[in-house]
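Data first, discussion second: the structure below is written as structure tokens.
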Amino acid sequence: MKLAYWMYAGPAHIGTLRVASSFKNVHAIMHAPLGDDYFNVMRSMLERERDFTPVTASIVDRHVLARGSQEKVVDNISRKDKQERPDLILLTPTCTSSILQEDLQNFVDRASTISDSDVILADVNHYRVNEIQAADRTLEQVVRYYLEKARRQGNLNLSLTDKPSANIIGIFTLGFHNQHDCRELKRLLKDLGIEINQVIPEGGLVENLHQLPKAWFNLVPYREVGLMTAKYLEKEFGMSYISTTPMGVVDIANCIRQIEERINLLSPISLNGKVNYEPYIDEQTRFISQAAWFSRSIDCQNLTGKKAVVFGDATHAASITKILACEMGIRVSCAGTYCKHDGEWFKEQVQNFCDEILVTDDHTEVGDMIARIEPSAIFGTQMERHIGKRLDIPCGVISSPVHIQNFTLGYRPFLGYEGTNQVADLVYNSFTLGMEDHLLEIFGGHDTKEVITKSLSTDTDLTWNSESQLELNKIPGFVRGKIKRNTEKFARQNGVAKITVEIMYAAKEALNA
Amino acid sequence: MSIKISETLTFECETGNYHTFCPISCVAWLYQKIEDSFFLVVGTKTCGYFLQNALGVMIFAEPRYAMAELEEGDISAQLNDYQELKRLCLQVGKDRNPSVIIWIGTCTTEIIKMDLEGMAPKLENEIGIPIIVARANGLDYAFTQGEDTVLAAMAHRCPEEENLIRNPQKNEKKSMEKLFSSLPIETEKKIKKSLINRQNRFSLVLFGSLPSTVASQLSLELNRQSINVSGWLPAQRYTDLPILGNNVYVCGVNPFLSRTATTLMRRRKCKLIGAPFPIGPDGTRAWIEEICSVFGIDTQGLGEREQQIWESLRNYLNLVNGKSVFFMGDNLLEISLARFLIRCGMIVYEIGIPYMDKRYQAAELTFLQTTCKKMCVPMPRIVEKPDNYNQIQRMRELQPDLAITGMAHANPLEARGINTKWSVEFTFAQIHGFTNAKDVLELVTRPLRRNNNLENLGWTDLVREG
């Protein structure tokens, strides 16, 4: 057993559900007790999703515990098949069903004979993998299923598209700024004259998955989700993939050069001329993106040598560390990630760019590290933001897990050239806010004149008896003053000199009457 | 699908495919209510992830709750449960020094049959901190019922009243008859007896967790009728649990506390006052009247007080009058809220509810019926264990003015032009007593007021129907 009240990555089924609900017309059925469909709330609230989340539960209750699910799961699958006519129904085990050890594969086999939809069982072990790993695994499983199905049916078309084209793999629901990143990547590829073959899983149709091999290469922007799929496609169809995250000016250029290499490798086959992206990279870096100029400007000079701490998922933490260290001259005292399964890769990526490396999924360890280092700014998840609040250190949020405010309505990519501008803003704002705070403290704040009274009423004519005083103290601090004022106003209006608990409530009732 | 609004209360039961919070969410408000407690949820990552997301900002405030996260070794019994729990509880004791540790059993502990009830007394002896076990799991319960399981377990820990003179009174018999009877419309005229005298023989304990301000408001209302509330279950501190025994009358303040009520009656020999719940001015009045009648007290100025509250709500009532409501059902407050809203002039099409205890809610159900007759509106259908998919189809047909629903459906319904109010807010807002009637209507009218502001912009329907 582990004592914990916060975790960076959720349970496995969340990852599976994120992939399933990102595809169009795919329905997930969870084998779970009442209340485990919390995923629907997250998607509906955080992503402000307009459509009903295509996830339902086949409820595990006392009866199931006593006698097994029996027909229930199969019934639920065929019912959903008739109601929504999805292309695919993904039966999703949860921690509960893992222990029950029911033969879910058997339910799936039976259900698939009677339903029009394809039915598969998500193959994830609840006690061995987390949300991120499960998402990666599920995406690969779905892709594999449809490619093998196409191969069996003989409608696998392996010829490449005429023009250079790419698949973008790993954009999905509840991902950190994924929607914006996707738009930015599409724009980047369009600028390079590359067509988008497919984006999966977000908005993809499983019926189209058999066309994945037509692309010239796969682009996997995030390490967490999509690598397994890309490796599978490489092994089965010889498709090469690029997994350099195009975040930060340097890595975008790296990524584009790799793309250039792939295209020039294949262009003789399709008889297109060779491409040269160097002029594009140069133009974008020096004049379109503001980040390169920003790093030369005197604003950024002031940041030189300032201490920062970075923590997040492997992709974002590694990229941001490199941006801070190489592109802005900030000293990264510690870079860390909670992706323990990818710890080796992470260490390799950041080891020359930071003083120390922390790989942990224990938020208290991260908190202690930050308290020890006392950086000028933190770049982390929502948890680090709250640690920062407690320690009075500003924090820029750069990675999941996140709150609703990180699902912005405005365009905020982290990837591509527009992403470099956004990251520069984020970094700069975090530090200046810290500086301002510091200066204010030194010079004693904005208001140098002492405020005589903050409440409109002075306590001359009214007395509060001890109960009402006690009652007043129970009211949360931020509204207490207002309640006090309103009560006293009410008391004066009614010619009451002594305030009792009764008067307090009478005042509340009188208000807005 | 036939949608009929019937003349009598109809009860239906659907598939139970509905969205609600897991009952472990009760730690969110209970750890704040019971100041010296510590809640240890014995479960998996799934439970933890739910709490983390559902509790949102509270998580970051060093909460007095934690997960005892079960790992593969715990599931396969490679690790000794007792030793593991002891290690964690010792750490909790050292770090937080709580007066009580409450173990919340989850689905997983049920399935692997972890004997929490058996281990707790042993460990309690060993570490010297009381340990209470509540099985608030999703296999058996929904959302607010979690509080019910905790309070039922806590009822066993309330101190036993000392042997007072046991004097079977006329009142006692009367109260037993009234236990599940309908609401008395007229209270008998009686001479008010000395309160002090009465208090010596009988005391009143209220059960249900309410914010302390609301609790003192309700106590104050009863005080006005010369009734002293001798204690609350739960109290602000575990060490202040009320005294129970067979001279103690108990009355619930929330509709989801049926296990607690049963425990208080059967195990602690308390006398249950079956009353409608103090939600809305009508409910509050009926609640006070029922308590007063049990103690043989004539109510003083209650009618005027209720009238006065209704007066103060006039602006809201104008907004809701004639509008229709659909409760999808997820927190068991639905019957009381529906009854109040009908009294406000609304029409309720359907009351979805996870679980319907017709005995514990008897007075409330009768009150709902009389309210419908009084307001001349058809009786709503009560749907136990609803099926959200079917409900959405029904809503498409009925097009209610307001759907009271969980957060999973709120945004999708709004996008389809149906106004929604999250049901969860009713659990966290202050809705009890005369003083807070306004807060209920504040919540209910919020989407309607929003509409008044956004009317005529032409963008109510925001989905492409493909």
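Glycine is no exception: its Cβ is also placed from the backbone N, Cα and C atoms.
Taken from TrEMBL, the feature active site, proton donor applies to A:ASP299. In the three-state DSSP assignment, the secondary structure recorded for A:ASP299 (active site, proton donor) is helix. For A:ASP299 (active site, proton donor), the same-chain residues 6+ apart in sequence whose C-beta sits under 8 angstroms from its C-beta are A:TYR428.
According to TrEMBL, the [4Fe-4S] cluster binding site annotation covers A:ASP36. Look at A:ASP36 ([4Fe-4S] cluster binding site): DSSP puts it in coil.
The feature substrate binding site is assigned by TrEMBL to A:GLY434, A:MET435.
Among the features that TrEMBL reports, domain 'Nitrogenase/oxidoreductase component 1' is placed at A:12-431.
Residues near A:ASP36 ([4Fe-4S] cluster binding site) in space but far in sequence (CB under 8 A, at least 6 apart, same chain), listed by position: A:HIS13, A:MET30, A:ALA57, A:THR94, A:THR96. Across the residues of the domain 'Nitrogenase/oxidoreductase component 1' (A:12-431), the predicted structure has a mean pLDDT of 93.
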